[in-house]
Each structure stands twice: as structure tokens, then as C-alpha cells.
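To start, the structure itself, in C-alpha cells.
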Amino acid sequence: RWIKFEEKVEQGGERWSKPHVATLSLHSLFELRTCIEKGSIMLDMEASSLPQVVEMIVDNQIETGLLKSELKDKVTYTLLRKHRHQTKKSNLRSLADIGKTVSSASRMFSNPDNGSPAMAHRNLTSSSLNDISDKPEKDQLKNKFMKKLPRDAEASNVLVGEVDFLESPFIAFVRLQQAVMLGALTEVPVPTRFLFILLGPKGKAKSYHEIGRAIATLMSDEVFHDIAYKAKDRQDLIAGIDEFLDEVIVLPPGEWDPAIRIEPPKSLPSSDKRKNMYSGGENLQMNGDTPHDGGHGGGGHGDCEELQRTGRFCGGLIKDIKRKAPFFASDFYDALNIQALSAILFIYLATVTNAITFGGLLGDATENMQGVLESFLGTAVTGAIFCLLAGQPLTILSSTGPVLVFERLLFNFSKDNDFDYLEFRLWIGLWSAFQCLILVATDASFLVKYFTRFTEEGFSSLISFIFIYDAFKKMIKLADHYPINSQFKVDYITHFSCACEPLDPDALSLLLSQHEQLTHSLMETFPFLLQYNTTIDWSALTAKDCLKYGGQLVGNNCDYVPDITLMSFILFFGTYTCSMALKKFKTSRYFPTTARKLISDFAIILSIFIFCGIDALVGVDTPKLIVPSEFKPTSPERGWFVPPFGGNPWWVYLAAAIPALLVTILIFMDQQITAVIVNRKEHKLKVG
């Protein structure tokens, strides 16, 4: 059997070997090419059971004169014998990289039941057709190996053997229109898409076996397997074999022992170059993906099932629910894993910090009509509902830059035109929700298949750039706010000072004597500041209070707060460097593999904690995120509930549909492109 790599059962053994790189003889590849040239090639056959497939192949061979009609029953009988599998006491190994959508099964059958088919031929119709059943057997369903296959894997079955009634080989390569369950033919209940059959005269069993191994290895090769799915005729398949032969490397005999098994490489070289060379641009898929395996991938979302328009009202939504339902429960218990914990903690920190930061910016843009707590609550509620009900919960909802720009423009527009901003925003939200429902009902998501890889990469770059730009912008602002005194010399520490002094002492005492009320309130609030009746002790004031009470800061050290900027930059670059170093820890030589993997998984969380600890330990007053201490709207002018009517003229409720359209487009692009990026083929998702 092949899943990317070959596994075999030794003579007399009962378990599968470790996966290893298949080594083929060059002669068997040339013989396979001849087989494809001369045998029956039947592409997109419409059949639903093995007897039907076999009958169509045999009839085709008789029509083309490749098989004598009197041999029809014998060939049919041989091909429909019951199959035995090596599943007994099977110790199945997990394959590190199983994300291949083809599992090729190579079997070698000689005369079944120790008797020649010619002898057993008399009860052909009764016994042989009953031997094979379309339903999977109990052993197949119990087979743990099934868990290791991707959800939409399809099988290629290779049947080779020798018989004593044929004079020339019986060869057929079949691709079924739809993958079909062929009962006990496959080791596990996986639908079959391809069949390769080779029955030949006695005496060349080893040669047939090697040809079988050659086609199975070809079918597990990414490039040939794409060609096999797209091939329109015999010539396409031959061109595929020729492409494979172009890439084959031959080891001279006598200098290498073919019995030595080559371990699968740690990382596989990309086959994109081969794909592009073969395609020559003519039938190259836009995004380097193949139409048939869009179900679990989605780099080039050609004809994948999720993005096909149903044309029915809410048809796509209904199909989504049906597709998602079997995995709904497993999405929860799959998270009971140490790796999931690191992802949860990281996403928690990423969304919380983003919600607070974004909330602060939103508060500045909307004069606190929407602030930190609203941003926080919005992220929490929508995030939870989205993850529970989403078709793709791997997309994490969080506020983005374009939304902030929209809110700022809308607030300024409302202010200029004397509109009630919150009411206007509420109606935009309601219209936007309605428009999104229309998109769902009309299967508008199918438009995503027109997004090319370029669009996705551009969008990814934009998001990354906004985050990187924001981080550096914050640091530069910090350096501006807390400048560093580059003239500072340790020895001249005595020369530096900063003191608070009143602007004009006479004017201030006059002001205080005139306003007794102000003096009284000052004495209540800052009793330590006021001494000798109405004289403020300016030297005891903080920098903030000094400016608040009309004082001035005097001295050559007043503009500088050197430690904060330097410490912030140390934390900034330290966290980044530390997380990158810990991420690469997986490949280092320290500690056992488990410990290395654990450290690598928790790299970001660990580095955040380490540098938060360093910051607390050093005790420099670095800027922190300000989190509201009580649960109430940011602005005292508003409540939690926004009344939908009364604040604006009636026509504003209808006109809100226009800016809502902009929000809808923004949400659609933002969410859909993110989902497409998440579903890319290289991420090898098992759940669609």
C-alpha cells in the first residue's frame, strides 16, 4: 500500500513495514509505458460496483479485439474473487505527512483458493459474484488505519497477477466518473477512483508485480496523480509517464543494494516546479491547485465542492451545515491537546491586546462613543458566536485597520451633519446584517474562487504590513513622547535638575485671595500642597499637577525620560527575538524531542511572560494597556441600549443602506479572503 510512501508486508509476515521511498526498476517503468500504450484506457467510466466495472472492461477488450470472447467468463471470475487483506494483528504506524488525497493499494493475486480459475469455473455466476460485496466488511470498518487518512481520500486499486488461460496480457487503466465504494476490494472503506488491472500468462509473476508497484508509485506521485485526474486520453497518461521518467534518477547495479530501504525525507521538496514545467501554462490551474481536491485544501479553489453555486435559495448554507455537522463535536474534543492550549493562549493574548489597543484608537476617533469596553465586548460576543457556528472556526475575528478608518469617517460625517452617530451606526449595522444574509441566501461565496493567489498574497501582506507598521509607529511615538538625553554624562549628574515653579507668584496669590472657593477645594484635595495660608508648595507637585495649576517646569532635565524609551525598545526587540529563537528550538540539539516540541509550541506565550516578568522586575514605568476597571459604557453620555428611532430624520434610516454596503463589502472581502488563506492546500486541513 502507498500513502505518499510505500509500505509492504514481508513474506510470511502479518504487519505492514515502516513507510519507505519506493525503489523501482527502470525496466518496469518502460513496461508500464508499453502497457498504457497497448491496454484498454477507460476514463470517466460511469459504474457503481466492481462487477459492473469488470463487465465494462471485459466488453471493451472484446470489442477492440484484445480478448477472445470465450475467455470473458474466466477473466470475470478471476477479477471478482474475494480479496484477502493483511489487517490481522496489524500494527499501523502513523505517517508524519499523510495529507495526500490518493491511497494506492497494490495487491498481487495468483491462483485463488489454490486451484486454477479454469477448474472452479463451473459455478461461475453463483459463487464468484457473491464473493465480492459492495458493502465494507466488519474488519474494514474496525481498521484503525482509516483515522490516518484525510477525509476525502480516494483509492487507486492495482490488481496484478498471472493466470494459465491467457496467451497475451489483459491490461486496463480505469478512472471512474465518481469515486465508488468497491466493498472489500480496499483494505479500508475508502471510495475507489482508479483501477489498474494486469493479468498475464504464467511465468512472469515478478515482472507483473514490478509493473504494479510502478503504477502504484506513479499514482502516489503528486504530479502524475494530478495528470491522472485531468487526463483526457491515452496520450496524456503517456506524457505523464514520460515526465516522471525525465525526473527519475538511476542507480547503477552492483554499487547499491536494492534491499536497503530509504527512509522518507524529513521535508519533501516542492513539486511546483515539475507541475509548472508539465503544464507549460496551457492547463495550469490559476493557484497551483487541482480541481478535484479542493475539499480539504483550497489554494486554487477551481471546482471544489464548497465553492460551487447551487442556484437554490440558501443552497450553499444547507450544504455547509451538512458538511460541517459530522465534525461539530470533534472540533471541541480535538482541542483537548497540549498544542491546542498554546494556540488558545496565543489567540487569547492576540485578541485581548488587539481589542484594547483598537478600543483606545476607536475611543479617540469617536469621542468615546465606542471605546475599549465596547470593542472588548464586541470582540468577545461576535468571536464566541462565530466560532460556535462558523463554517471555518479557524478564522479568528478581531478588529482591523479598515474598520477603524470607516468609524472615524462616519463619526466626522455625523458630527458635521448633526446626526446622532450611535443611531446612524446602529442602522448601518442592521442594513449590513441584512445584506450579508442576502449574500448567504444567494451563495455569493462562490465568487471567492475568482480570487487568485496574487489577491490572497496581497491581502496577507497588507494585514502583516499594518501590524508591523503599527508596532514601529507606536515605538517611534514613544521615543517622541519620552525623549532620550543624548548629552547625558554620568560624571555631570550634578548639573541636571528639574523643578516646578509658579509662573508669577504675585499674580497667583492675588488670584487665590480673590477666589476663596478655589482655595477651599484645593485645601480639601491637596492639603499637603498648601502651607502658610494660600501658598502652594510648588516643589512637592508632580510634573502633571505643576502644569495643571499653572506652574512651569524649569531645568535642563525636564524634557527627558530616558529609561522608558530604552526599556520599551529592549522589551520590543527582546520579545520578538526570544519568540523567534524559541520557535526554532524544535530543531536544536538540547533536551528530548517532546520538551523541544513543547517549548516551540509555546514560544510566543513564553516570550511574552518572560519579558513581562523582566519589566515587572526592573520596575521602569513603561506604558501599559489601560483596561477599564468597571463594566459600564466608555462615554457617560450613552447607555448600553441604543434607541433605534428619534435621533435622526426618517430618511437617514433608509440612506444608511449606502454606507452599509461599504461595510458589507469590507466584511465580505476581509472574512472570505482570510478563510481562503486558512484553507490553502499546503495547510493540509483534514476538515473542510
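Please read every residue number as a count from 1 along the shown chain.
Positions of Cβ are set from backbone N, Cα and C atoms, glycine also.
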Ranges in play 165-194, 375-404, 465-494, with TrEMBL marking transmembrane segment at 375-404
Among 74-105, 106-137, TrEMBL lists region 'Disordered' at 106-137
Quick one: do the transmembrane segment (375-404) and the transmembrane segment (340-363) have at least 3 Cβ pairs under 8 Å, skipping pairs fewer than 6 apart in sequence? yes
Within-chain partners of the transmembrane segment (650-669) [C-beta distance under 8 Å, separation at least 6 from its ends]: 402-403, 406, 410, 419, 423-424, 427-432, 434-436, 439, 444, 459
Are there residues at least six beyond either end of the transmembrane segment (340-363) with Cβ under 8 Å to its Cβ atoms? List them, or say none. 334, 370-376, 378-380, 383, 396, 398-399, 404, 407, 601-602, 604-605, 608, 625-627, 634
